[in-house]
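Database features, via Swiss-Prot:
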| type | residues | note |
| --- | --- | --- |
| TOPO_DOM | 1-124 | topological domain 'Cytoplasmic' |
| REGION | 1-118 | region 'Disordered' |
| MOD_RES | 10 | phosphoserine |
| COMPBIAS | 20-35 | compositional bias 'Low complexity' |
| COMPBIAS | 51-68 | compositional bias 'Low complexity' |
| COMPBIAS | 80-97 | compositional bias 'Low complexity' |
| MOD_RES | 90 | phosphoserine |
| MOD_RES | 95 | phosphoserine |
| TRANSMEM | 125-145 | transmembrane segment |
| TOPO_DOM | 146-149 | topological domain 'Extracellular' |
């Protein structure tokens, strides 16, 4: 069952099988026995077909490498910020003062660049601590119940 699963999931084991058969057929010919010309030709044709098929996937593998590294390294769930032109098109847009109803205070509070919780690095520690406390509580509870019986 495992060999079927592996061959169905990846084509690499299939490409190695004809090479192994070609080596097995070539060794009897090297031992001094009569060489079989027809199977060798079939093997070489199969190898040529494999080599012809190999550049196709290699070309498709090169296209993801051309992707923008900034996009590949972006692991945040936040949407990208809209790009703002360096020079505004109209001077009236920049001269408008922001009042209390315009959300000026909200914009100033978000300039720190922090997420919803400033101590994001403590999250794994808190999870591990919670697991440890739960484990201790479970052990003590089982020990207490076993002692009562």
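Placement of Cβ uses the backbone N, Cα and C atoms for every residue, glycine included.
Sorting the topological domain 'Extracellular' (146-149) by DSSP state (H, G, I as helix; E, B as strand; all else coil) yields 3 helix, 0 strand, 1 coil. Not one residue of the same chain 6+ positions outside the topological domain 'Extracellular' (146-149) places its C-beta atom under 8 angstroms from a C-beta of that stretch.
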